[in-house]
Amino acid sequence: MSRPALRGLYAITDARLSPGDRLLDAVDAALRGGARWIQYRDKGTDAARRLAEARALVELCHAHGAGLIVNDDVELAAACGGDGVHIGAEDASLAQARARLGTDAVIGVSCYNRLELAMTAAAKGADYVAFGSVFSSPTKPHAVRADLALLRAARERLSLPICAIGGIDAGTAATVAATGVDLLAVISAVFAATDVAGAAAEIVEAIAQTIARTGAGQSPPVL
């Protein structure tokens, strides 16, 4: 499969919003709505279940021409055959993740509201960096804030793809996309929606209209 560019809607699963019996249907709906990347985020302790779900998601995403990233678990990313891993400050180091997953893997790094972390991650070979929470987030209500000014500053300083996360929905997607970020990561606004495909499509349309109007989100692909 030709891997999609690191742009557009990046939908992140939540085991509370889409438990196992609804996970595949929910992700399929998000993909039909236009999500180009899915992140499998599940902090459960049932390793066999998580591996089975991750493998099923890889197959589903690839059937849609989309990519699958695993949250925080390098070994699961390797075992399921996904496209990469997203790591945070307390997860496996970037160098360790790269050594385990190889040069072709997509490795994203959480940088919270710290531009210096993003610059370090970029220098060490991250494929994208993520800032957030941009707005108040129902998933992480106490997360630090990464405001729009930080996103604009990051776009000026960094050439690799930038992801924004936290409280983004159809009503705020255009404002965030206008800062020049490449990926808009969304959890609740997609997976808590009654119509998952429709919710995803609204965000995708907001991004597309912003890019058409402003030319934002046009960093060169790194893959």
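Note that Cβ sites are derived from N, Cα and C of the backbone, with glycine treated the same way.
Features of the protein shown, as given by TrEMBL:
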DOMAIN    9-190  domain 'Thiamine phosphate synthase/TenI'
BINDING   Gln39, Tyr40, Arg41, Asp42, Lys43, Asn71, Ser110, Lys140  4-amino-2-methyl-5-(diphosphooxymethyl)pyrimidine binding site
BINDING   Asp72, Asp91  Mg(2+) binding site
Average model confidence [pLDDT] within the domain 'Thiamine phosphate synthase/TenI' (9-190): 97
Binding-site residues: Arg41, Lys43, Lys140 - member with fewest neighbouring CB atoms within 10 Å: Lys43
Among Asp42, Asp72, Asp91, which are binding-site residues, the residue with the most C-beta atoms within 10 angstroms of its C-beta: Asp42
C-alpha spacing of Asp72 (Mg(2+) binding site) relative to Ser110 (4-amino-2-methyl-5-(diphosphooxymethyl)pyrimidine binding site), in angstrom: 10
Cα separation, Asp91 (Mg(2+) binding site) to Asp42 (4-amino-2-methyl-5-(diphosphooxymethyl)pyrimidine binding site) (Å, whole number): 14
Largest inter-residue Cα distance among Gln39, Tyr40, Arg41, Asp42, Lys43, Asn71, Ser110, Lys140 [record-listed 4-amino-2-methyl-5-(diphosphooxymethyl)pyrimidine binders, Å]: 17
